[in-house]
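Undergrad: Got these off TrEMBL a minute ago, pasting:
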type	residues	note
DOMAIN	174-377	domain 'GMPS ATP-PPase'
BINDING	Cys201, Gly202, Val203, Thr204, Ala205, Gly206, Trp207	ATP binding site
Amino acid sequence: MEAQAVKSNLVLILDYGSQYTHLITRRIRSLSVFSLCISGTSPLKAITDLKPNVIILSGGPHSVHADNAPSFPAGFLEYVESNGVFVLGICYGLQLIVQRLGGVVRVGEKQEYGRMEIEVEKACGLFGSKKIGDRQVVWMSHGDEAVTLPDGFEVVARSQQGSVAAVENPARRFYGLQYHPEVTHSAEGMETLRYFLFDVCGVTAGWKMEDVLDEEIKAIGDRLHCVFVDNGLLRYKERERVMETFERDLHLPVTCVDATEQFLSKLKGVVDPEMKRKIIGKEFICIFDAFAQDMEHKFGKKPAYLVQGTLYPDVIESCPPPGSGRTHSHTIKSHHNVGGLPKDMKLKLIEPLKLLFKDEVRALGRILDVPEAFLKRHPFPGPGLAVRVLGDVTEGNALDILRQVDEIFIQSIKDAGIYDSIWQAFAVFLPIRSVGVQGDQRTHSHVVALRAVTSQDGMTADWYNFEHKFLDDVARKICNGVRGVNRVVQDITSKPPSTIEWE
């Protein structure tokens, strides 16, 4: 499919703060349809410039009755109706459609959370592939409910409690689901999204990684100068291993800058994780600016651009959802290459991957024949071990201890043949000590945590269930092999409610 055809099939998600919004984007892309997510309170021009074929209004934690309840911009309804754009509201998005078009939404007598069964009342539109009376289990998460629909709308499904579960007005191309079809708990959710996009909206599947490659590929040649910064926050022998990979496998000329002292001196005494990220982001740019000046002295021409590997999850998690008093969803964490960048940076940014999820980048790498071992490496945060040492990273020998523990953990995973089954695994240095007995003597040593998760794209994750013998072996290796550690714990929390990294 031509790039223009792909863009004409764009599905645009307006984000109203749901923790599942990114999943909508991801699920639609998995159907080979290009989708983007922007703030639900974006100006109308930001929406019209993208010329979407379908717009999905996400869920969110707000009530449409609240004074500061986020909503689509003035002129939105007129735009979608005059341009034949299909609109699907999910959860809060459904309530927004109902209220803004003249219906009534109120606090539900029976709030609905978690798994719940719904029943199809009309086999048309959203449920055109179903029969009246068909039932399915879905994931509900709402306190308000639609009680009076706008003119022309009809209920097509209800929950087992009798609440509205799905509505539609095909003539005006408005549709709504009170549940979340994007989560795996809604067993037939993907089927519903697929039917809506292809059968109701007439979207054509055709977006693929080759389209991204064709659009983003740039002829740089010998004008590319790669810089690898050792910020003193890398894993065990990370610098040597990465440089070897660049030279042996990727055949790239890379300059290694040792900035250990520069970073650690600025991080001394800093314990707040968000502040760590800001400092690290700023120092990275200072180093790149200095490198650019050196290039100017050497070649007589100063580089103008900085190419970064920013990914879509970085952008999503670094942005503030509507109704928070800021401009988007709550900032989960400032990624050093997004929210951590200084405003006065001199180099212009080029971010060819910023609209892709991590698994999509891996697929792109395979097309480019990047070595599989390089592609399968577990993600490592830009701020490095700074976000895996809770507290001051310069205190004592925390970094050295963490490097040794992490190396034992990762190597044990590789030896067990399960590395590729895990999305990300790492150790965390905790700012606490515990009493232990080692060599018949009382010890008061450090505690470390082990974290391993499975995921498809890093936006949601489940903890990896190791065999007990594996954990026993690893804990023994750590306590016997790393001086200063006498206790090992495992993190068994999913994302959400936690993030993958500790910080």
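Each residue's number is its place along the chain shown, starting with 1.
Even glycines carry a Cβ here, placed using N, Cα and C.
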Undergrad: On the 0 to 100 pLDDT scale, where does the domain 'GMPS ATP-PPase' (174-377) sit on average?
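TA: Averaged over the domain 'GMPS ATP-PPase' (174-377), the predicted model reaches a pLDDT of 83.
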Undergrad: Report the residues of the chain - excluding Cys201, Gly202, Val203, Thr204, Ala205, Gly206, Trp207 - with C-beta within 8 Å of the mean position of the site's C-beta atoms, for the recorded ATP site, in sequence order.
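TA: Other same-chain residues near the ATP site: Asn9, Ser32, Val33, Asn53, Leu197, Phe198.
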Undergrad: I'd like the Cβ neighbour count for Ala205 (ATP binding site), meaning other Cβ atoms within 10 Å of its Cβ, all protein chains included.
TA: 14
Undergrad: In the structure shown, which of the binding-site residues Cys201, Val203 has the fewest other Cβ atoms within 10 Å?
TA: Cys201
Undergrad: If we count other C-beta atoms within 10 Å, could you say which of the binding-site residues Gly202, Gly206 has the fewest?
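TA: Relative to the other binding-site residues in Gly202, Gly206, Gly202 has the fewest Cβ atoms within 10 Å.
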Undergrad: Thr204, Trp207: which of these binding-site residues has the highest Cβ count within 10 Å of its own Cβ?
TA: Trp207
